Amino acid sequence: MCNTPTYCDLGKAAKDVFNKGYGFGMVKIDLRTKSCSGVEFSTSGHAYTDTGKASGNLETKYKICDHGLTFTQKWNTDNTLGTEISLENKLAEGLKLTLDTIFVPNTGKKSGKLKASYKRECFSIGSNVDIDFAGPTIYGWAVLALEGWLAGYQMSFDTAKSKLSQNNFALGYKAADFQLHTHVNDGTEFGGSIYQKVNEKIETSINLAWTAGSNNTRFGIAAKYKLDCRTSLSAKVNNASLIGLGYTQTLRPGVKLTLSALIDGKNFSAGGHKVGLGFELEA
């Protein structure tokens, strides 16, 4: 069993209630399909309603399951090319090794990362290293799990400056229908979240964050309600009086529609509200 989350996935259930089912100020189309030879294709396009700017990306993925290899190619409209090669569960159960490279043809810029992660039932660890001869940055994280309790640490070290550039701690508790997550980033940013699955139809989440030396406290409440197996409603509000509403409908198997709106509660009659439209297609 390798079910201990990574550091970035701590508190993920609460984040999903706040983030999924919304797409304010944009029209978005996602398409996923798989060829007969096993190559997975996914493409996404965005058009922002306030600026009119459009962007998109294409990703292809091919897995050689017998050898634990996955090859991924990425391209976006900024003309950035990415290649990722990963080896998983072959050298050891729960071990994943990845080489991730990026190339920008317009400028000739090249960059890359070496990644390694290892997951077991009671812990998970990982490290990334930038491929930079001027002085790579080393990233590392670790999560320990014991009887539902989770403790995590995340750091990054800039070898060129011999300086610790990131120093984060997290502590949480995870049960079947309840999750608690707290974190401290660089000793100055504090935050916490609570996730509660009330029943099979209702999920709720609370998020709180503040910065030391500042009166800027951020607080939000979010909920998701499943009307049936095809339809769900989402809503959230924060202490800045920004109200988010979302509606998701599965029109048919493989076709999903998302409508969302962001309302400024302090300036309701002044306009400036945002709406969003999203399509997800899978074949």
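Each residue, glycine too, has its Cβ placed from N, Cα and C.
Among the features that Swiss-Prot reports, N-acetylcysteine is placed at C2, with the record citing similarity to another entry.
The N6-acetyllysine feature in Swiss-Prot is assigned to K12 (among others). In the three-state DSSP scheme, K12 (N6-acetyllysine) is classed as helix.
Residues near K15 (N6-acetyllysine) in space but far in sequence (CB under 8 A, at least 6 apart, same chain), listed by position: S193. For K15 (among others), the entry in Swiss-Prot reads N6-acetyllysine.
Close to K20 (N6-acetyllysine) in the fold, though at least 6 residues off in sequence, lie K224, S234, each with a CB less than 8 Å from its CB. In the three-state DSSP reading, K20 (N6-acetyllysine) counts as coil. Sequence annotations record features per position, and here Swiss-Prot assigns N6-acetyllysine to K20 (among others) based on similarity to another entry.
Residues 41-49, 276-283 of the same chain lie 6 or more positions beyond the ends of the transmembrane segment (26-35) yet place their CB under 8 Å from a CB of it. Taken from Swiss-Prot, the feature transmembrane segment covers 26-35 (among others), and the record attributes it to similarity to another entry.
Residues annotated as transmembrane segment in Swiss-Prot: 39-47 (among others). Among residues of the same chain six or more beyond the transmembrane segment (39-47), those with a C-beta under 8 A of the stretch's C-beta atoms are 26-33, 53-63.
Every protein chain considered, the tally of other Cβ atoms within 10 Å of the Cβ of K53 (ubiquitin cross-link) stands at 11. Here Swiss-Prot flags K53 (among others) as ubiquitin cross-link, drawing on similarity to another entry.
For 69-76 (among others), the entry in Swiss-Prot reads transmembrane segment, with the evidence type similarity to another entry.
Listed by sequence, the residues of this chain that lie at least six past the ends of the transmembrane segment (80-89) yet keep a Cβ under 8 A from its Cβ atoms are 67-74, 95-105. Annotated transmembrane segment per Swiss-Prot: 80-89 (among others), in sequence order, evidence recorded as similarity to another entry.
Proximity of K90 (N6-acetyllysine) to non-local residues of its own chain (separation of 6 or more, Cβ distance below 8 Å) is seen for H67, G68, given in sequence order. In the three-state DSSP reading, K90 (N6-acetyllysine) counts as coil. Residues or ranges marked as N6-acetyllysine by Swiss-Prot: K90 (among others).
Feature annotation from Swiss-Prot assigns ubiquitin cross-link to K109 (among others). Residues near K109 (ubiquitin cross-link) in space but far in sequence (CB under 8 A, at least 6 apart, same chain), listed by position: I102, F103.
Reduced to three states, the DSSP call for K110 (ubiquitin cross-link) is strand. Feature annotation from Swiss-Prot assigns ubiquitin cross-link to K110 (among others); the stated evidence is similarity to another entry.
Residues or ranges marked as transmembrane segment in Swiss-Prot: 123-130 (among others).
Residues or ranges marked as transmembrane segment by Swiss-Prot on the basis of similarity to another entry: 150-158 (among others).
Long-range contacts of the transmembrane segment (163-175) within its own chain (CB-CB distance under 8 A, at least 6 residues past either end) are made by residues 7, 10-11, 137, 139, 148-157, 181-187. Annotation comment: Swiss-Prot describes 163-175 (among others) as transmembrane segment.
Residues or ranges marked as transmembrane segment by Swiss-Prot on the basis of similarity to another entry: 178-185 (among others). Within its own chain, the transmembrane segment (178-185) is flanked in space by residues 10-11, 13-14, 166-172, 191-197, which lie at least six positions past its ends and keep a Cβ under 8 Å from the stretch.
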Non-local residues, at least 6 beyond the ends, that sit with Cβ under 8 Å of the transmembrane segment (123-130): 2, 4-7, 111-117, 136-145
Beyond the flanks of the transmembrane segment (69-76) by at least 6 residues, Cβ under 8 Å: 55-63, 82-88
Neighbour-count leader, CB within 10 A, recorded positions: K12, K110, K266: K12
Those residues of the chain, 6+ apart, with a Cβ under 8 Å from that of S241 (phosphoserine): D264, G265, K266
Distal contacts, the transmembrane segment (273-282) - CB-CB under 8 A, six or more residues away: 22-33, 49-50, 254-264
Cα-Cα distance linking K53 (ubiquitin cross-link) and K110 (ubiquitin cross-link), given in Å to the nearest integer: 26
